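To start, the structure itself, in structure tokens.
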Amino acid sequence: MQIQFRLYNTLSRTKEVFNPQDQDNVKMYVCGPTVYYNPHIGNSRSGVVYDLLYRIVIKIFGEKAVKYVRNITDVDDKIIDRAALLGVTIDELTDKVTKEFHKNMAYLGCMLPSIEPKATKHIDVMIAIIERLIAKDHAYIADNHVYFDVLSAPNYTELSNRNLEEMFEGVHVENSKTKKNPQDFVLWKPAKQNESANMNFESPWGLGRPGWHIECSAMSYKYLGENFDIHGGGADLIFPHHTNEIAQSRCAFPSSTYAKYWVHNGFLTVNGEKMSKSLGNFITVRDLMDKQIQGEVVRLFLLSSHYRRPLDYNDKAIEDAKKTLDYWYRAIENINVQKIDLPHDFMQSLLDDMNTPLAVKIINDYAKGVFISKTEEERQLNASAIITCANFIGLMNKSPHEWFNSGVDELYINELVNKRLEAKKHKNWLLADQIRNQLLEEKIILEDQPDGTTIWRKE
């Protein structure tokens, strides 16, 4: 029986059965980071969402059949401004932030994409597409800039499903007396005086650099061709970024539909307000790493809500994710778990537009099953289902011992445990209690055994 994967398509505003153009060559493009600042956890939601989508598509079509491209934007005005502010070179800044992004993705358990192109390495492709747009009268040169003529693009508002006036309400538009229309956007901009040489490139229109939107059109075309299956990104990219990508790509290649399925993840909020660098209410992934919050906890938090819904970041949500993982790891402790086929109900939850809240509930039900099982065989089956399902969504990649003792100085604790045993041996109950309480303050629980030994675990 053929697997049916239903995925919400922003373009049609409905859930559609995912049917790639070629089942042996499934193509997926996701907008990656602009590497000027350490990614905040809101940026990283996109990384986790599309990592899960990648895993599902691989499960259906096979790893060799799927090509996943996620770009790095390493040419941008924000990069120039921040490098100047920090007093570092462009390359120093972009290299440092790119490495931090990779560490963040590893921390969150994300698989590597098939290809990770950098914008600066594809300037020639961008120039070629811009030249096509000029030749087809979809772009024009004005005041040393190259602009895309928005009114020349058929169905420009299709993705956002709003009229042109509504789309541009509240959106900053760079005004220029030389533009044909106020909404026209930059494909190529000239270099400014005293700008870093490695942020500008030779072109038929003089020294300059590309606009943001043309970068993704060029890199997707280079690695996936005129048409591909999935384009992903945050909901904030629907307009103007993805709208402009569609317009310029379809106009450059008139027979192209560009991406068939458009997938967008919701915002991360803090106290109900969108998390963003401009608002200053953001928390970087590095902040969470420095607090020794395990990556699996953050990943489960990001998967706890449906990917299209807003998700509010708060300490309680992180604590709840930690408690859930503790419960799952406790359920498989001291059980000989084995990988089994993915349970049908679990897989069906993910095949229904990546319904991760239901998937998490199903794993919780298996954990409950372990604790109420009447036979060892039943316990083992439930525990095996837990680890199989959790592994599939990128969780529970440690042993229970590693999980519960992560970040713990075992040598230090064992020394205190032995010191307490000596105190008990000499009936120094006061010292024994002091050591127990000291460890309890450090969230280490001692359990005295009938044979006189003591075992410990992290709370």
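Don't overthink the numbers, they just go from 1 along the chain as shown.
Positions of Cβ are set from backbone N, Cα and C atoms, glycine also.
According to Swiss-Prot, Cys31, His241, Glu245 bind Zn(2+); the candidate from Cys216, Cys251 that the record adds to this site is Cys216.
Motif ''KMSKS' region' is the annotation Swiss-Prot gives to one range among 94-98, 154-158, 194-198, 274-278, and that range is 274-278.
Within the set 33-43, 66-76, 220-230, 330-340, the record from Swiss-Prot flags 33-43 under the feature motif ''HIGH' region'. Its Cβ placed at the centre, Glu245 (Zn(2+) binding site) has 26 other Cβ atoms within 10 Å. Sitting within 8 Å of the Cβ centre of Cys31, Cys216, His241, Glu245, and not among those site residues for Zn(2+), are the Cβ atoms of Trp212, His213, Glu215, Ser217, His231, Gly233, Leu237, His242, Asn244. Annotation for the binding-site residues Cys31, Cys216: lowest Cβ count within 10 Å of the residue's own Cβ, Cys31. Proximity of Lys277 (ATP binding site) to non-local residues of its own chain (separation of 6 or more, Cβ distance below 8 Å) is seen for Tyr37, His40, given in sequence order. Taking a C-beta cut-off of under 8 Å and a sequence gap of six or more, His241 (Zn(2+) binding site) has these contacts in its own chain: Cys31, Trp212, His213, Cys216, Gly233. The residues of the motif ''KMSKS' region' (274-278), classed with DSSP into helix (H, G, I), strand (E, B) and coil, number 0 helix, 1 strand, 4 coil.
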